[in-house]
Amino acid sequence: MTCGLLSVTVTFRRPAKWTGYLRHLCCRGAVMDLGPMRKSYRGDREAFEETHLTSLDPMKQFASWFDEAVQCPDIGEANAMCVATCTRDGKPSARMLLLKGFGKDGFRFFTNYESRKGKELDSNPFASLVFYWEPLNRQVRVEGPVKKLPEKEAENYFHSRPKSSQIGAVVSRQSSVIPDREYLRKKNEELGQLYQDQEVPKPEYWGGYILYPQVMEFWQGQTNRLHDRIVFRRGLATGDSPLGPMTHHGEEDWVYERLAP
C-alpha cells in the first residue's frame, strides 16, 4: 500500500515529552512548524536607549556588556562567539569559537590555518563575529578585516594552554577526513606518551587571528519585537562628508546610529 501523503505541518506547542514523537514525524518527512516557539524578552521600560551607552567608543561598550555576561550565572561561556567567513565567490560558512582576547586593536581568536575558516580567511580576509547572551537578551555583531597574529604571540598562547589541548592541536589536522574516532584516540595516546616529559611544539598550521572592527552593532531584545539596535561604524577619516541628521559622532573615528529592528 502506498501512502499519498508527501508532507504534513506539525505545530510545536507541547513540552519536551513530545520530543520523541516529533522526531518520528520529522523522519517521515513532516514539516516542523516552530512558529509558536517564542519567549518574552524585555519590556519597554528596559529599552536600550542611547543615553544608556557606557561609552561612545564601541570597544568600551562591548567591554561593559561582556563584563555583565561574565558575571551572569546563567551564561556558561561569555566568550563563545559565532565566526562567519566567506569564500571569494560568496559561499559563507560559520562556526562557534572562543574569543581569546580583545582590546583597542581588535578581537583575537586561535585556530588551525588549514581548516575551512583558515583557508577562507587566506583568500578573503574579512569576517563577522556574533556574541549572543540569551539570558540577558543581548547580542553583539562585529564586522571587519582579519589578519594573522605574529608567530611569537601564537607561540606564547599555544604553550599557555593545558598540555592535553596542545597535543589535541597536533593530533587533529582540522577539517581533514579521518577513518573513525579510534584513529584520534590512538594518535592522541601516542603523542601523549611522546611528549610526556617534553614540550609540545606548536604546529606550523596552528595560530591566531585578529579582527579589526569596522562595524559593531549592539542589539537588545524586546518582547514586542521592537528590538533595540545601535550600530557603530568607522566614519570617514577626513571628515569631508557631513553626517546625516540621525548619525552621531562617537569617540575617535566612530559614528553611531539607531537602526529599525
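Backbone N, Cα and C atoms are what each Cβ position is placed from, and that goes for glycine too.
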Same pyridoxal 5'-phosphate site per Swiss-Prot - residue from Lys100, Lys104 joining Arg42, Gly43, Asp44, Arg45, Tyr157, Arg161, Ser165, Arg225, Leu226, His227: Lys100
Listed in Swiss-Prot for the FMN site shared with Arg95, Met96, Leu97, Leu98, Phe110, Thr111, Arg116, Lys117, Gln139, Gln174, Ser175, Trp219, one of Arg88, Arg185, Arg229: Arg229
Rounded distance in angstrom between the Cα atoms of Lys100 (pyridoxal 5'-phosphate binding site) and Arg229 (FMN binding site): 26
For Phe110 (FMN binding site), the number of other Cβ atoms found within 10 Å of its own Cβ: 19
Using Cα positions only, nearest of the binding-site residues to Phe110 (FMN binding site) (Arg42, Asp44, Arg161, His227): Arg161
Leu97 (FMN binding site) versus binding-site residues Asp44, Arg161, His227 - nearest by Cα: Arg161
Around the Cβ of Arg229 (FMN binding site), the count of other Cβ atoms that are within 10 Å: 16
Cα separation, Arg42 (pyridoxal 5'-phosphate binding site) to Arg229 (FMN binding site) (Å, whole number): 14
